[in-house]
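Novice: Following this message is one structure expressed as C-alpha cells.
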C-alpha cells in the first residue's frame, strides 16, 4: 500500500503576507528566555541594628512615631477645645503638644539631614536622663496645682494685648517659636556635623560649620532649646519652674559649652578661635 508522502501544510506565514509593519512572528520554535531567579548574593541584607532591639529598630521607630503623633493630635485638639471655652487649663495640653512636636522634629531632622545617626535615641525621649523628664512633669504639675488652688496668683496679671492672652503668654509663645525654629534650622544646616552628644574625637566628615545661622550663633541648637524651655514656662504661667528651668538650663549649657569648645579648639585650632571671636552664644552670661 502506498504511503502518503504529502507534506503537511507549513504554519509559516507566506513571505508575500509579511510587511515591514506586520506584527506577526515567523519564528515559532524559539524558546522563551528563562526568567532569572534571585540568588542569595543578589538579595539585599538588612542592617542588624534595624531589627527589634537594635539601636535603629524599625519597629521601635514606628512605635515612637505613632505615640508622638497620637499625643500631638489629641493634645492639640484638647488645647483648642479648652481655649474656646476660656478654660485656663488649655496650657497643659498645649505644653504636651509642644513637647511632642519637639521630639518629633529631633528625629525627623536627624533622619533627613544626618541619616547615618538617625537611631532611636535621636528622639531624645529617654536619652536626656531622669532629670529631663522630672523637669517637664514638675512643670505640668505646678500649672495644674496653681490653677486648682491659686488661680489668681498662678497667672501673672500683665494685661491682655490680645483677647484671652496675657503679655507673658505672648512673650512665651514668641520665645518658643524662635527657639524651635533656630534649633531645627541649626540641625539641618550642620547636617552630618551635628550630634546630640559632645564629640571627643574628630571624625573624617566633621567640619567646622560657619555658614547660615552659624555665622551669627556658634551654638544655635543650645540657644534654641534654652529660650524654648523658658518660653514654655511663661506660657504655663509657672513661677517656680520658670526660675528652676532658668538656673538648671544655664548651668547645664555653661558647663557643656565650656567642655565642648575645648575639643573644638583641639579639632580646628585657630580657625575655631577666630570663629569664636566673631560669633556669640545668645545665652546671658555665656561667652
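Just so you know, glycine gets a Cβ as well, placed from its N, Cα and C.
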Novice: Look up transmembrane segment in TrEMBL and report which of 34-52, 91-109, 110-128 it refers to.
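Specialist: Within the set 34-52, 91-109, 110-128, TrEMBL attaches transmembrane segment to 91-109.
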Novice: Excluding the flanking five residues on each side, which residues at least 6 beyond the ends of the transmembrane segment (130-150) place their CB within less than 8 Å of a CB in that stretch?
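Specialist: Residues 88-89, 91-92, 95-96, 99, 232-233, 236-238, 240-241, 244-245, 248.
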